[in-house]
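Participant: Below, the features straight out of TrEMBL:
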- A:23-44: transmembrane segment (TRANSMEM)
- A:50-70: transmembrane segment (TRANSMEM)
- A:99-118: transmembrane segment (TRANSMEM)
- A:123-143: transmembrane segment (TRANSMEM)
- A:170-190: transmembrane segment (TRANSMEM)
- A:220-238: transmembrane segment (TRANSMEM)
- A:258-280: transmembrane segment (TRANSMEM)
- A:292-318: transmembrane segment (TRANSMEM)
Amino acid sequence: MRFLFKTDYQQDTRLVKHGGQGFWYGTLLLVMAAAPVILPSYWVSQLSFVLIYAIAGLGLMVLAGFTGLLSIGHAAFLGVGAYTAAFLAGAGMPLPVSLLAAAVLSAAAGVVIGLPALRVKGIYLAIATLAFGFIVEEGMARWESVTGGNNGKAVKAASMLGFPLNTEQSFYYTCLIICVLVTLGVLNLLRSSTGRAFVAIRDSEISAQSMGINLSRYKTVSFAFSAALVGIAGALYAHKLRFISPEQFGILQSIDLLLLVVVGGLGSVHGAFLGAIFLITMPQLIALSKDWLPPAISQAAGMQAVVYGLVLMAFVLFEPQGLYGRWMKMRTYLELFPFYRRGMFKRQKSFQKSERLK
Amino acid sequence: MLLLQLIISGVALGCIYALIALGFVLIYKATETVNFAQGELMMLGAFCGLILIQVAGLPFPLAIAIAVAGMAGFGALVERAVIRPILGQPQFTVVMLTIGAGYVSRGLMTMVPTLGTETHAFPVPYKGVVWNIGSAVLSAEQVVVIIVTGLLCAGLYLMFKYSKLGIAMQASSQNQLAAYYMGIPVRRLNGVVWGLSAAVATIAGLLLAPITFVHVNMGFIGLKAFPAAVVGGFGSLPGAIVGGLIIGVVESLAGFYLPEGIKDIAAYIVVLIMLMVKPNGLFGENMRKKV
């Protein structure tokens, strides 16, 4: 077990808390960088998807996990980013330009939904984002001159400095670099006063307000930032799939993103990555399990939905802190080995009061 | 007369939205949580009625009664098994949980061989009866929907206003802990509310079934009931009805007068405008906290 003796305030906000952390994350980064050399290209492709979903997950995590605002329409931002990138790549723009444009446009969309969202909270916000998601999806299907409508749109391979990034490996490295940058960005945001204001808003709006936090401003910033990250993920997603159509950005995708952050662990950066790994490996695990189950069950169409739903319910009921929470508990158990007590992570029961009284 | 026809069909559709919204509002009023699987409850209810009539061969009124009672029991069971363990957790948890439950019920229904994968016509005794009002046509299905919705809403409104049970439900939604202290069995009450809400959803499903068809994805109509509930004011029973009617009529008119595609999102545009203008909804309670 490691004890950290803090002697000054700087240590609280240090990016790398101690050498061990630096070592393990460095190793992870090296492994990730070496992955395409060792793995077959199918796995590299899956890893690219994990990275893309991790970026989107980080985006939703900032909003849902850190600011405490629930959104059931986040796939809309994914769509905005994807179509922006598809359009700009078609016009021959290099990747950095289209990524930036995707981020900016999604952030603008985020502000548009963030502004009405300031007046409402809780379940009303969820419904507002749901409505926004439907409207954007319909817009993508109808604006045929730009989006190609329901027939979908083919996307050119991403290109940088004149080189097309059309192999699995080169695209994987692009995703890796962007993912690392985004992760660092989110970590730094959380260390800054803005990020701490987000967490304060999540924990208690009233106390945040009385500490002088401008609720409407920070909620809008949170929406914009979250949307920008999801937009970047959307741009990469479009380049990865090379074909996009509106139904990829509907309510089911939004729920997938929610599943990602909840299963990964709300309110943790690790959670976004664990959730992304989960989301990508889940269909494969289901496919694997089909050999073991009787064909009457495994061949049925609803199998995947049932598994998704059950996993989501199981996590909410038994492990609300998600995979990351499970990992923390295992770690704490091992570190404290003989002294671990069962009630350590027990949730406090709080009784609900009406949100209608305000 | 075309306008009248559009409004009539909008009202009938709106009544379905209203009934699903009633289910939300019941649960919201009593437990301050929202059930995102309300549409799936409706779908299960419709299938329940279909099975009782077609497979078990029961007469129509008996089948309806059994379906409603059975689904009420099922709703209470769901509350006991799934919702009760997280009583007192934030709203977000319940939203995720009910989304998961919706997935599971839709998936399980799809997995039932032949029944789940096909679209079924729902046999009702009043099928095909039509009345003419001027040049507008009013079908018996629509009339039944409108009448049943009106009766149900009146009954529930009276219950919340005057019965001990209804008042206890309101108390527990405002402050669970205080309700406990006053001797209200909050847990048991939640079971009753979920049962009631499932029964309302089943009625909605059975009323919708003859108009559209019975299929696994009919639960997605539940997503249109959110706008209805918000427009009327979440937590207001008459509001749910009025909201549902507004959404239904707007959708019906938008489908005819506005360009293609607006119809599907008309409900959501209305709800966004409503949230911007008056987040409490038309009939929203304006309660103030006393310090």
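Any Cβ shown, glycine's included, is placed from N, Cα and C.
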Participant: Could you tell me whether the transmembrane segment (A:220-238) and the transmembrane segment (A:99-118) are in contact, taking contact to mean 3+ Cβ pairs under 8 Å with a sequence separation of 6 or more?
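Facilitator: Touching, yes - the transmembrane segment (A:99-118) and the transmembrane segment (A:220-238) meet the threshold of 3 or more Cβ pairs under 8 Å.
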Participant: With a Cβ cut-off under 8 Å, give me the same-chain residues at least six positions beyond the ends of the transmembrane segment (A:170-190) that come close to it.
Facilitator: 15, 29, 32-33, 35-36, 44-45, 47-48, 51-52, 54-55, 58, 61-62, 66, 95, 99, 158, 160, 163, 196, 198-199, 225, 229, 232, 236, 239-240, 269
Participant: Which residues, given as numbers and ranges, are at least 6 beyond the ends of the transmembrane segment (A:123-143) yet have a Cβ under 8 Å from it?
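Facilitator: For the transmembrane segment (A:123-143), the far contacts come to 69-76, 79-80, 83, 109, 113, 116-117, 149-150, 246-247, 249-251, 254.
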Participant: Given pairs 6 or more apart, does the transmembrane segment (A:258-280) have at least three Cβ pairs under 8 Å with the transmembrane segment (A:23-44)?
Facilitator: no
Participant: Do any residues of this chain, six or more beyond the ends of the transmembrane segment (A:23-44), have a C-beta under 8 angstroms from a C-beta of it, and if so which?
Facilitator: 16, 168-169, 172-173, 176, 180
